[in-house]
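Annotated in TrEMBL:
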DISULFID  Cys60-Cys81  disulfide bond
DISULFID  Cys104-Cys141  disulfide bond
DISULFID  Cys183-Cys205  disulfide bond
DISULFID  Cys237-Cys264  disulfide bond
DISULFID  Cys277-Cys318  disulfide bond
DOMAIN    52-177  domain 'Corticotropin-releasing factor binding protein N-terminal'
DOMAIN    185-306  domain 'Corticotropin-releasing factor binding protein C-terminal'
SIGNAL    1-21  signal peptide
Amino acid sequence: MPSAFQFQCHLILIFLAASKGETRYLEVRDAGEDEPFLLLSEDLKRELSAGQIYRRSLRCIDMLSIEGQFTFTADQPQLHCATFFIGEPEELIIVEYDFVNIDCQGGDFLKVFDGWILKGEKFPSSLDHPLTTSQRYVDFCESGNIQRSIRSSQNVAMIFFRIHQPGNGFTVTIKKNTNLFPCNVISQTPSGRFTMVIPHQHRNCSFSIIYPVVIKISDLILGHLNGLILKKPSVGCAGVGDFVELLGGAGLDPSKMFPLADLCHSFHGSAQMKIGCDNTVLRMVSSGKHINRVTFEYHQLDLQETEMRKENSIEEFCFPSI
């Protein structure tokens, strides 16, 4: 049975797919199975490719992965609302206020957060983000016209809002910019391939996959020689300035997840791992002394694979959760 965390994340991803078009344009798969996505229709794709701006209303809890103009109008007091934004790994999210009619003095608020928060956990974690937690919030009631355009630091962002008076609301335009060196990423899909590059920068980057997965690292360049170390209390890569670690857990924040394996040195070949946790994270720690690069691919783990051991696989984790 999926955990509460998986259910919430899958529900968000369903909102993500649904936000790409109106219900009548969508072909629905069973959202309770391993593939909780809805498909974007060809009609809407053609409409968007013609250069038209996509517009629709927002729900109190919503998800957007597409550029366009979006409006929320309260039909009753809405006290706990949020919209999640997500792009491709190489995209940054831009939120622009077009129109805002809320009562800041009466307790309303409209805040943009640089990243995601779910059940009190943040992505990226405070350890991996260039801004402090307080700096990651932009409150319209405090900034007003001073800052009407906010850009995220990664492919995810969100807004929180509270509106007491029916008829009040706001309109935002969502745009995307290209990020030449994507750092912190949440994957939209349970399978894919990605290359993370950190070019002489002292920073930490995490790639989060909200599924149990098989992850295979095919290329790692850290400026060192061969080596892979399974995590033990007294063994790890703490003394090495540049390394990759694999994490698993049941929440969103990588800093609160369980460290599974360290990769301390460069290699060309294949290192594969089965991770049955609700969330899997590949995290690169970079000292800034090297151009670090890691290429990996991943796909959702099924029950049959938990019983199969493949060559070049290392220890398996978290399987009681699936």
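Numbering starts at 1 and runs along the chain as it is shown here.
Every residue gets a Cβ built from N, Cα and C, even glycine.
Any TrEMBL annotation is an automated prediction that lacks curation.
Taking the features listed in TrEMBL, we show where each one sits on the structure.
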residue : record         : CB count, 10 Å
Cys60   : disulfide bond : 16
Cys81   : disulfide bond : 18
Cys104  : disulfide bond : 14
Cys141  : disulfide bond : 15
Cys183  : disulfide bond : 24
Cys205  : disulfide bond : 24
Cys237  : disulfide bond : 22
Cys264  : disulfide bond : 22
Cys277  : disulfide bond : 28
Cys318  : disulfide bond : 20
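Model confidence over the domain 'Corticotropin-releasing factor binding protein C-terminal' (185-306) stands at 85, taken as the mean pLDDT rounded to a whole number.
Helix, strand and coil content of the domain 'Corticotropin-releasing factor binding protein C-terminal' (185-306), in residues and according to DSSP, is 7 helix, 68 strand, 47 coil.
Counting residues of the domain 'Corticotropin-releasing factor binding protein N-terminal' (52-177) by DSSP class, helix then strand then coil, yields 10 helix, 67 strand, 49 coil. Taking only the Cα positions, the spacing between Cys318 (disulfide bond) and Cys264 (disulfide bond) is 23 angstrom.
Here the CA atom of Cys141 (disulfide bond) lies 46 Å from the CA atom of Cys264 (disulfide bond).
Comparing Cys237 (disulfide bond) with Cys205 (disulfide bond), their Cα atoms are 16 Å apart once rounded. For the pair formed by Cys104 (disulfide bond) and Cys183 (disulfide bond), distance between Cα atoms is given as 35 Å, rounded to the nearest Å. For the pair formed by Cys81 (disulfide bond) and Cys205 (disulfide bond), distance between Cα atoms is given as 29 Å, rounded to the nearest Å. For the pair Cys141 (disulfide bond) and Cys277 (disulfide bond), the Cα-Cα distance reads 39 Å. When the Cα atoms are compared, Cys60 (disulfide bond) and Cys205 (disulfide bond) turn out to be 31 Å apart.
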